[in-house]
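Take a look at what TrEMBL says about it:
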TRANSMEM  21-42  transmembrane segment
TRANSMEM  62-95  transmembrane segment
DOMAIN    67-272  domain 'ABC transmembrane type-1'
TRANSMEM  107-128  transmembrane segment
TRANSMEM  148-170  transmembrane segment
TRANSMEM  207-229  transmembrane segment
TRANSMEM  249-271  transmembrane segment
TRANSMEM  303-329  transmembrane segment
TRANSMEM  349-380  transmembrane segment
DOMAIN    359-554  domain 'ABC transmembrane type-1'
TRANSMEM  401-425  transmembrane segment
TRANSMEM  431-454  transmembrane segment
TRANSMEM  488-510  transmembrane segment
TRANSMEM  533-554  transmembrane segment
Amino acid sequence: MAESVGGCGASMKRSQGWGHLLWIVPGLGLLFWFVFPILTVWRISLQGTDGVQWVRFLTSSLLWHTLGQGVVQATLSTLCTLTIALPISIIWLLYDVTGRRWLQILLTLPFVLPTVVVAAGFRAIWGAEGGWIRFLLEWIGFSIHEFPYGWAPVILAHVFYNVSVVFRVVTGYGSRIGAEVLESACCLGYSPFGVVRRVLLPMLRPAIVSAALVVFLFCFGSFGVVLLLGGSTMTTLDVEIYRQTVYFFHMRSAAQLSIVQFCCTLFVVILHRRLSPDASGIALFRSSVGSILGTPRSFRNRALLTGTAFAYTLSFGLPLAAILVQAFRTSTGWGVDYFSALLVNDSDALFFVAPVDAVIHSLQIACLASVFCLAFGFPAAQFLADPSPSFRMTTLVHGGFLLPLGASPVILGLGFILTFAVPPIDFRSSWLLIPVSHTLVAFPIFLQTVIPALRGVPDVLKQAATTLGSSSWHVWLRVQLPLIRNSLTAALILSFMISLGEFGATVFIARPHVPTLPIAIYRYLSQPGEMNYGRAMAMASILLGLTAFGFVVLERIGRRR
């Protein structure tokens, strides 16, 4: 027996020893594919420049116009998002309303939608190409001859996109509040409004601050929405990096803007960590929690809350429904003409993109990116979840693996074309750059989804299996894997969905013969003509369907975990 226990201990020590090496291969991959391109961007921004040139750049109108417009736009978008999201979050938190489950799904779905789908939805509902708002304005005497690019559609799209962030963070944090706290306030004479203003909102302050900073960060670094809806006069740092690279070929200006963008992102992330530590760790996909106060007692309150929930459902469902309507409504009536046109090879088009090839390429790339995340992310997660107590590099390695969260995909795409487009590392003709970039974007999300599940596996189960003679491989296969299966599946689906909708990095490195769905939608929306617009709506509806299906699966997994 003693020999068995001794053998068990030796086996566990050997597995821990090998476990220390699990981070090396993912770490080397991150070093080559992420750190190397980012350092190249920094090198080009500093190459051949002195202090005077940097002062000239830091005082230039290009920087301050772009930075100022980005800050103002992000601030307005954040304030509007909080204004729209907080009332429904508080209602959902306090009361059981009719359609509660569907409201939760509809408010969360926009967050996982690709930016090009959101932009296409607002083009469909507002634009001059048969938009519903256009028909409404024409009915009351106004007319829209072209899409009103600018601040209004961008801010509305950001609100639509980020309400789910505020909703999930606030309701997740608020679910910790007990009903007895609010009932005590009612017994002390507070009105329902007073309970919310004097008791609930102060208790929710950490979550509100956390959500506001996250929304500001998303809006400040917005790329696809501003590029598609903002027009030529509206910009952000990410959009200006793209324009300086693609339109003007000013690589140094783009690299310098990238440094500013990286520093601004880092500042907001540090501010978020300092101001809202109590609200960290709220999962976006989790099982639904019950309300604090239950069903409203009076018919009037029930009707009022149900009507409010219906209004939110209608508002957030319209852009998504508009995509489907525009995809099936042609100039001659209803039909599948635009979907049939996806099979047509228009080789004489100015920006030729084979629509069916774009769908196939997106699915292939998303599958490959998910496999890469699994192959490199799971060993890294295993190391971070179960390190040796004597091993002190865990925090450093974990921070290193989360570095891609601090750099926008636009900077990553710029780094790729600056690093891997010159000998001896010339990957310009390789389509593998796209799944690699998607893997880097999804890698931190994969880690943060799998690590909590691995840490939740009781050590006593692994020790018992090892004591009974199971090898490290059998312990992982028969003990750990069944317990983390749902979280691992969720991480793979998230990686797949992130890859399907990735636009910021892909727009830099996608080759004409290897388009993706977001790139094809962007190109069709950028061209005039009813058929191009219809094809964009048809492809957006396909992407919407794929994303919605993945989201429903994630929600089901969240309820089982």
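Numbers run from 1 along the shown chain.
The backbone N, Cα and C atoms fix where each Cβ goes, and this holds for glycine too.
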Sort out the residues at least 6 away from either end of the transmembrane segment (431-454), same chain, that have Cβ-Cβ distances under 8 Å to it, and list them.
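Sequence-distant neighbours of the transmembrane segment (431-454): 30, 33-34, 361, 365-366, 368-370, 372-374, 376-378, 380-382, 384-386, 401-402, 404-405, 409, 412-413, 416, 420, 480, 483-484, 486-488, 490-492, 494-495, 498-499, 502, 505-506, 509-511, 514, 516, 561.
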Under an 8 Å Cβ to Cβ limit, what residues of the same chain, 6 or more beyond the ends of the transmembrane segment (401-425), are close to it?
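Here the qualifying positions are 23, 26-27, 30, 34-38, 40-41, 44, 221, 223, 238, 241-242, 245, 251, 254-255, 258, 261-262, 265-266, 269, 380, 384, 433, 437, 440-441, 443-444, 447-448, 502-509.
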Could you tell me whether the transmembrane segment (107-128) and the transmembrane segment (303-329) are in contact, taking contact to mean 3+ Cβ pairs under 8 Å with a sequence separation of 6 or more?
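Counting Cβ pairs under 8 Å (6 or more apart in sequence), the transmembrane segment (303-329) reaches the transmembrane segment (107-128), since there are 3 or more.
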Mark yes when the transmembrane segment (148-170) and the transmembrane segment (21-42) have three or more Cβ pairs under 8 Å (sequence separation 6 or more) and no when they do not.
no
So which residues does the transmembrane segment (62-95) touch in its own chain, when a touch means Cβ under 8 Å and the partner is 6 or more beyond its ends?
103-104, 107, 151, 154-155, 158-159, 162-163, 165-167, 170-171, 174-175, 177, 182, 196, 200, 208, 211-212, 215-216, 219-220, 222, 226, 234-237, 240, 253, 256-257, 260, 264, 291-296, 305, 308-309, 312
Count the CB pairs under 8 A between the transmembrane segment (148-170) and each of 107-128, 207-229, 249-271, then give me the winner.
207-229
Taking a Cβ cut-off under 8 Å, which residues six or more beyond the ends of the transmembrane segment (249-271) line up next to it in the same chain?
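Here the qualifying positions are 38, 41-42, 44-45, 47, 49, 54, 57, 62-63, 66-67, 213, 216-217, 220-221, 237-238, 240-241, 405-408, 410-411, 414, 418.
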